[in-house]
Amino acid sequence: MASTPRTPAPERSPPPVPTPPPPLEDEPPPYLADGSPREEASFSSDGREGAPPKNPQLSPTHHAAPRLVPPPSSPARQDGQEQEGSANKAAAATAEPAREPLRQMATGLARPLSSQTSPATTNSPTPSASPTPSSPAPVANNSKRSGQSTPKRAETKLPLSSPAVAVHFDPVEEAVTSPLRLGKARLDQQQQQQHAAGAAESGASVVPGVAAAVAAVAERRELLLALRLATAVLSLAAFSVIASARTSGWAGDYYARHLQYRYAVAVNVIVFAYSVAQSLGKIRHLVSPRFTFRTMSSYYCSLFLDQVLAYLLMSASSAAASRNDLWVSRFGTDAFVRKITGALWLSFVAFLVLALNAVISXANLFSMV
């Protein structure tokens, strides 16, 4: 199988080589514009003494990140970089300084962007970053104001609190001079004045509620005294007749032999003593004006005792009446049975009068309440 001949490559002209512009005669080389003292001593004004010509000035290299640092270069290249850096510094010094933007580093501190050197422009042979210049320590901000350039709104000054004053607390004085008590007394006084003004306009006398209740109780005091005395007299007559009832002879009888009669005598004695005590109290209220007012406990006690003694007197009279009826059904009627029957009638009447006393006591209690 025959081989196919290859087509020769087309002939191309070589790329043009750029030629640098000729340097001016009266302008010194750029790398000698602002050199180090050693370089100034080595070279003359025309730049032809003692050493070969330097490399032309190169533009600065910008890297994407500090970690992408090129490997260390040769000494000749390092010398060129030093000359390039010195030339850049001289050009920056001769040119008009421009305002550089400030970057906030800390509260109250600002540093220009030029102070932060990039690791790519340093002459260190290692890829480590160059140390930043030492910055002054931040000053303690005692005025509690921000380091920003924008002014803040003036702080409002709060008034100083007055010091606490210790006051002795007297519970008795507080109870007497309490605003609640003073306010209640003032309200009662205003109400009394309003009632008095209304009575003067209408021409009728207005009596406070407590005075009206006391007046109502006083009106029933004579009736209650009469009922107390009647109860005492009836109970006295009842237990006296029962105690005096007896017969002589072999068929004679006596009240102490029967439990029901003894129970009726005991209850009548208690009712008599209670009625006498209540009658003395009513007489004292009628005679002496100092004892016009009574406490609420006395009204409650009177109502309670009236009801309890009325129930006891009713039960005792009923028990004695049942025993007397049994005696009559067995042995007939005689003088002893007739006396017991009369005494039991007096005991029942005393019960009715004592029940009326209980009703009046309840009326007096609810009048005061």
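Glycine is treated like the rest: Cβ placed from N, Cα and C.
According to Swiss-Prot, the region 'Disordered' annotation covers 1-162.
What Swiss-Prot records for 7-23 is compositional bias 'Pro residues'.
Residues or ranges marked as compositional bias 'Basic and acidic residues' in Swiss-Prot: 36-51.
According to Swiss-Prot, the compositional bias 'Low complexity' annotation covers 87-96 (among others).
Summarising the annotation, Swiss-Prot assigns compositional bias 'Low complexity' to 114-127 (among others).
Feature annotation from Swiss-Prot assigns transmembrane segment to 223-243 (among others); the stated evidence is sequence analysis. Long-range contacts of the transmembrane segment (223-243) within the same chain, counting only residues at least 6 positions beyond its ends with a Cβ under 8 Å from a Cβ of the stretch, are 255, 261, 264-265, 268-269, 271-272, 275-276, 278-279, 282-283, 286, 313, 320, 339-340, 342-344, 346-347, 349-350, 353-354, 356-357, 360-361, 364.
Per Swiss-Prot, the feature topological domain 'Extracellular' maps to 244-262 (among others). Mean model confidence of the topological domain 'Extracellular' (244-262) amounts to 79 (pLDDT, 0 to 100 scale).
The annotation transmembrane segment is assigned in Swiss-Prot to 263-283 (among others) on the grounds of sequence analysis. Residues 221, 224-225, 228-229, 231-232, 235-236, 238-239, 242-243, 255, 302, 305, 309, 312-313, 315-317, 319-320, 343-344, 347, 350, 354, 357 of the same chain lie 6+ residues outside the transmembrane segment (263-283) yet bring a C-beta within less than 8 angstroms of a C-beta in it.
Annotation comment: Swiss-Prot describes 301-321 (among others) as transmembrane segment. Through the fold, the transmembrane segment (301-321) approaches residues 235, 242, 260-261, 263-264, 266-268, 270-271, 274, 278, 340, 344, 347-348, 350-351, 354-355, 357-358, 361-362, 364-365 of its own chain, all at least 6 residues removed from its boundaries and within a Cβ separation under 8 Å.
Swiss-Prot lists 322-339 (among others) with the feature topological domain 'Extracellular'. Below 8 angstroms of C-beta separation, residues 241-242, 244-247, 253, 258, 260-261 of the same chain, each at least six residues beyond the ends of the topological domain 'Extracellular' (322-339), sit close to that stretch.
Within the same chain, residues 220, 223-224, 227-228, 230-231, 234-235, 237-242, 245, 255, 261, 264, 268, 271, 275, 278, 303, 306-307, 309-310, 313-314, 316-317, 320-321, 324 sit at least 6 positions outside the transmembrane segment (340-360) and bring their C-beta atoms closer than 8 Å to a C-beta of that stretch. The transmembrane segment annotation in Swiss-Prot covers 340-360 (among others).
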